[in-house]
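Structure first, then comments.
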Amino acid sequence: MASRDLAESLLPGGGAAAASALHDEYEERAYDSDDKVSISISDSDDDADDGAAPSRPPFSWRKLWRFTGPGFLMCIAFLDPGNLEGDLQAGAAAGYQLLWLLLWATVMGALVQLLSARLGVATGKHLAELCREEYPPWATRALWAMTELALVGADIQEVIGSAIAIKILSGGTVPLWGGVVITALDCFIFLFLENYGVRKLEAFFAVLIATMALSFAVMFGETKPSGKELLIGLVVPKLSSKTIKQAVGIVGCIIMPHNVFLHSALVQSRKIDTNKKSRVQEAVYYYNIESILALIVSFFINICVTTVFAKGFYGSEQAGNIGLENAGQYLQEKYGTAFFPILYIWAIGLLASGQSSTITGTYAGQFVMGGFLNLRLKKWLRAMITRSFAIIPTMIVALFFDTEDPTMDILNEALNVLQSIQIPFALIPLITLVSKEQVMGSFVVGPITKVISWIVTIFLMLINGYLIVSFYITDIRGAVLRSSLCIVLVVYLAFIVYLIVRNTSLYSRLCSSMPKRS
């Protein structure tokens, strides 16, 4: 009885409202009905589809505006400090040569995110909720643990990036750990804005994205990269043995596991009647447009960062030593002050990147925890729990590592590997679910989309597998540690195989044959 009372007290509203909620189907939902944004702009919107053949209503700019928001929150994962570091290192080490890979990596990321949005709209549930329903409890817990690890790894890099920006803007007055504390407080900004509605929160992120776009566009204008080389880099594929590490970094940073879960939840923020096929078609249509527009913006920002460092440092002595902290100083030494000190332009863009990505990481953590574990907690409590998961290890990193220490580079690479190994545990469930007619109904993906999705998934798994093997060979020392990691790797691969074959006829035959053997 005490545990029931505790659960009631943690539910939004508490007391009688909580008790009535417990009597209903007690399941976590991404957004309460009152929090959702209304889409209809006329009475005909609500009356459509009654007995008529389902068809998507004609295009409306006003409706596109009402659907706009989730895609731009999603695209922030393409602009986090980890991506910016990958961009600047690719530009410094490979010049304009890897721009084509950045383009196609963004296209692959777009495919994954469009599938995620489609899943959320068609089912009315997000990926974490559907995984809880699809897989047995042990697999659900394992998927949750893997996703949380990926979130922690991503958030450490994002918070450190934001702390570096604060340190630069303060002239070194605020130490790294101080920047971490300041960044940790952003969850209160998030809670404040969330209480005022989804659109206010989306507007805040729009300002941060605009800040990034303006900052890096100004950098692009001041450094004046070659337009000809930029176009050639986008169109002509080039890859050498010297740039393979940067190439893997570009592809590996684009797909963030937690972002796949996040986008399927963000699309729940609009009121959509899933019982009307035309409404679902309409939502998928507008979300596709909005997501593509958002990713075009993110691609533009990534291009600006890559080409600025390609123009300034490709072939230079500093090319192999540039990171997030010293990048602004190198830019300042090379370009000085034209319109505004370029060091601070860089720091402002980096701060917007770090702040926006850490807040969306907190947002994603709420959906992941609530969906996998079926927890429906008050917003402030969910935010504090998910924030603590990342801030505590980040503070440890800030206190014991110097950003200019080579150990920090090894740590960053280890965090990239940590996120890379989580890729299959987001993509395989996503493709499995969008391919199931029992889940998607008439919105199940077609065979061509399914094949392309599996090709992209296998390609990303191979790319990230290369990163894992490379890290294992170069940075893991000691027979005991290597042997232990080999055992972990066997379990890891076995779980991936299970996720892939679970919905195949082979798995069904194996399961049906087991009772006979006993």
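A Cβ is built for glycine as well, from the same backbone N, Cα and C atoms used for every other residue.
According to TrEMBL, the region 'Disordered' annotation covers 29-55.
Marked as transmembrane segment by TrEMBL: 99-121 (among others).
The transmembrane segment feature in TrEMBL is assigned to 174-193 (among others).
If you look up TrEMBL, you'll see 205-223 (among others) marked as transmembrane segment.
Within the same chain, residues 73-74, 77-78, 80, 82-83, 86-87, 89-90, 93-94, 97-98, 101-102, 105-106, 108-109, 112-113, 116, 126-128, 146-147, 150-151, 154, 360-361, 363-365, 367-368, 371, 416, 419-420, 422-423, 425-427, 430, 460, 463-464, 466-467, 470 sit at least 6 positions outside the transmembrane segment (243-262) and bring their C-beta atoms closer than 8 Å to a C-beta of that stretch. Taken from TrEMBL, the feature transmembrane segment applies to 243-262 (among others).
Annotation source TrEMBL lists transmembrane segment at 283-310 (among others).
TrEMBL lists 343-368 (among others) with the feature transmembrane segment.
Residues annotated as transmembrane segment in TrEMBL: 380-401 (among others).
When Cβ-Cβ distances below 8 Å are used as the criterion, the transmembrane segment (451-473) is approached by residues 108, 111-112, 115, 245, 248-249, 251-252, 255, 413-414, 416-417, 420-421, 423-424, 427-428, 431, 434, 445, 482, 485, 496 of the same chain, each at least six residues removed from its ends. The transmembrane segment feature in TrEMBL is assigned to 451-473 (among others).
Annotation comment: TrEMBL describes 479-501 (among others) as transmembrane segment.
In this chain, the transmembrane segment (99-121) lies out of contact with the transmembrane segment (343-368); the count of Cβ pairs under 8 Å, excluding pairs fewer than 6 apart in sequence, is fewer than 3. Remote same-chain partners of the transmembrane segment (174-193), defined as residues 6 or more beyond its termini with a Cβ less than 8 Å from a stretch Cβ, comprise 159-160, 162-167, 200-201, 204, 354-355, 358-359, 362-363, 379-380, 383-384, 387, 391, 394-395, 398-399, 402-403.
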